[in-house]
Amino acid sequence: MADQLTPHLEIPTAIKPRDGRFGSGPSKVRLEQLQTLTTTAAALFGTSHRQAPVKNLVGRVRSGLAELFSLPDGYEVILGNGGATAFWDAAAFGLIDKRSLHLTYGEFSAKFASAVSKNPFVGEPIIITSDPGSAPEPQTDPSVDVIAWAHNETSTGVAVAVRRPEGSDDALVVIDATSGAGGLPVDIAETDAYYFAPQKNFASDGGLWLAIMSPAALSRIEAIAATGRWVPDFLSLPIAVENSLKNQTYNTPAIATLALLAEQIDWLVGNGGLDWAVKRTADSSQRLYSWAQERPYTTPFVTDPGLRSQVVGTIDFVDDVDAGTVAKILRANGIVDTEPYRKLGRNQLRVAMFPAVEPDDVSALTECVDWVVERL
């Protein structure tokens with residue numbers, strides 16, 4: 001509900017989105033996914049994750065992702081518990097041999113670099129930074145064996161294309177695809193570790209990480225393990241690989257997370273795969289950005305159209321329109337999670353446009369914002 005200082009405005013039902021969830025993660029979960037938890041997936045709850053029924057569910061996730069991303073020969077889907085946050089530490093222990101290079105342009109791309117800088121077994125990373133709303137050009141350095149950036153910076157709505165930098169040679173390209181995977185175009189052959197969590201484009205719950213790994217990445221994991229480098233078992237990539245190839249996780253996974261994820265993957269593949277998903281997010285984002293450019297009180301925060309994300313849109317408001325008040329009124333009317341990333345501190349709304357979000361609902365959201373602003 002809105003607080004006492006927020007005007008009480010009741011948005012007409014006729015212009016509201018059919019579904020008012022626009023959060024950037026956790027994100028909208030489709031009703032059809034939820035229904036499987038009490039139907040086809042119900043028998044899996046409370047059963048061993050080392051037995052065939054749950055292992056088959058993990059296998060369904062792995063094979064579905066292999067189809068969705070058209071994996072080249074030798075690439076494997078690896079998974080483990082803990083979310084992308086855990087994978088940052090796992091990668092610091094298990095993918096970086098000596099030194100890494102990081103592009104940072106927001107909260108989440110910076111967090112991987114921070115995790116690496118604290119790891120005692122690798123050298124101080126090279127960190128190339130740009131201001132929020134922009135991004136550095138992917139590049140390499142002869143001293144590094146990992147090059148890392150985010151496909152989509154969730155905090156700012158900046159998307160950076162995934163291509164191996166020229167001259168990267170044997171350096172692994174490690175991409176944080178947490179809010180990009182499944183909604184942005186990618187050629188997996190341009191990456192060595194394309195990792196993500198399932199609570200964004202894949203409309204599931206958090207607490208799980210998945211990484212699509214190349215033969216080079218798998219070889220690197222083996223080579224580092226052979227040196228005897230210490231790593232906690234929970235963060236051990238060799239253990240994660242060994243278990244994943246058996247369609248299981250090192251420790252007990254959340255069945256609901258896997259079931260929701262599997263349903264969403266099947267839905268994406270069944271509708272036309274990644275090409276279909278990318279066209280859908282492109283449609284949604286075109287509606288949002290066109291609206292923002294046409295209004296006198298809004299503008300896209302990301303000024304370079306080539307960097308604007310199709311899956312997370314950030315829209316700045318002029319000073320005399322308080323975006324925070326707009327977000328509170330929207331929330332009081334059942335249109336939720338349009339607030340900006342808390343640490344960015346801008347007068348803006350942030351809108352997720354993952355595949356589960358209907359493009360028509362994005363249009364309805366913009367109509368609701370217009371209705372609210374006209375009455376402030």
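Each residue, glycine too, has its Cβ placed from N, Cα and C.
For the pyridoxal 5'-phosphate site, Swiss-Prot records ALA84, THR85, THR154, ASP176, GLN199, ASN251, THR252, and the single candidate of PHE69, PHE108, PHE121 listed with them is PHE108. Residues within less than 8 Å, Cβ to Cβ, of LYS200 (N6-(pyridoxal phosphate)lysine) and separated from it by at least 6 positions along the same chain comprise SER24, GLY25, SER27, THR154, THR178, SER179, ALA181, GLY182, GLY183, VAL311, ALA352, PHE354. The C-beta environment of ALA84 (pyridoxal 5'-phosphate binding site), restricted to residues of the same chain at least 6 apart in sequence and closer than 8 Å, consists of ASP176, THR178, TYR195, PHE196, ALA197, TRP209. For the pair GLN199 (pyridoxal 5'-phosphate binding site) and ARG50 (L-glutamate binding site), the Cα-Cα distance reads 24 Å.
Burial estimate for the binding-site residues (THR85, GLN199, THR252): highest at GLN199, by number of other CB atoms within 10 Å.
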